[in-house]
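Worksheet: one structure, shown below.
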Ligand SMILES: O=C(O)CCC(=O)C(=O)O
Ligand SMILES: [Fe+2]
């Protein structure tokens with residue numbers, strides 16, 4: 001293993017314990033209405049939230065609620081297709097494209113996440129789309145939604161760029177969807193209904209503790225489908241996790257490791273996980289949708305102050321995917 005991938009992996013492998021829960025930290029809800037007119041004010045608010053607990057929610061983001069509801073409904077239909085249909089679109093390891101079930105083993109827990117997922121990475125989808133007969137409208141719904149997510153992610157990254165003293169479009173150029181080297185990903189997630197007999201089993205996780213590999217994550221959740229918890233890296237030792245309240249109208253955002261490197265740690269990536277339900281909570285299946293803004297493969301991630309050695313986004317992601325068995 002080379003030195004550049006040690007930091008994140010070592011950090012992650014220490015995070016498997018159950019820990020405790022605290023509501024003392026605030027996950028801020030930030031309105032991004034009138035984005036252009038309010039750019040400076042929004043940039044200040046995002047920066048403060050990102051450098052504080054590293055997780056924040058944006059509201060008034062401009063994606064109509066019926067579009068969000070529609071993509072969740074479509075994802076739900078996809079996950080309910082017969083296994084023989086979904087099996088035709090297997091995740092090709094290291095590509096962030098295709099369908100997998102219970103295959104992601106987190107370095108923190110050493111056990112497979114109790115979920116299935118379908119990932120869309122624009123240039124890598126040959127043979128991975130269900131036909132219109134199998135699921136009408138799926139492809140266009142997913143493509144449209146990914147493009148909307150990209151736009152919001154680039155707006156938010158534009159704020160961070162300016163605060164870091166870079167050109168506003170610095171990250172937009174690095175996440176170019178028109179290039180074959182594009183590797184941002186939309187991931188539809190489906191966490192299985194939880195078997196009652198497993199309540200209280202602390203070895204099972206819907207998603208084990210991790211930091212994201214990307215620059216910025218946008219996460220869509222459903223009202224009432226809780227379980228996501230965050231822990232700022234600086235407070236790792238305390239093992240006190242804060243629940244994130246899910247809501248249909250908000251996008252939960254977090255900084256990933258790529259942007260942490262790129263900002264010489266000014267923007268910290270933070271641990272999060274999805275814990276299983278507890279006694280008295282809903283055992284139903286849980287859905288979420290994540291957009292991972294990941295710089296194009298050929299982009300060189302160079303930290304201006306030289307805290308980290310330069311490496312390409314391709315090299316970086318390959319290491320992290322391998323460590324997760326995906
Ligand atoms: O489903 C969630 O709420 C979180 C998912 C997540 O953290 C991830 O896929 O990286
Ligand atoms: Fe994550």
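A Cβ is built for glycine as well, from the same backbone N, Cα and C atoms used for every other residue.
For 1-22, the entry in TrEMBL reads region 'Disordered'. As annotated by TrEMBL, domain 'Fe2OG dioxygenase' applies to 181-295.
Taking H, G and I as helix, E and B as strand and the rest as coil, DSSP gives the domain 'Fe2OG dioxygenase' (181-295) the counts 15 helix, 41 strand, 59 coil.
On the 0 to 100 pLDDT scale, the model's mean across the domain 'Fe2OG dioxygenase' (181-295) is 93.
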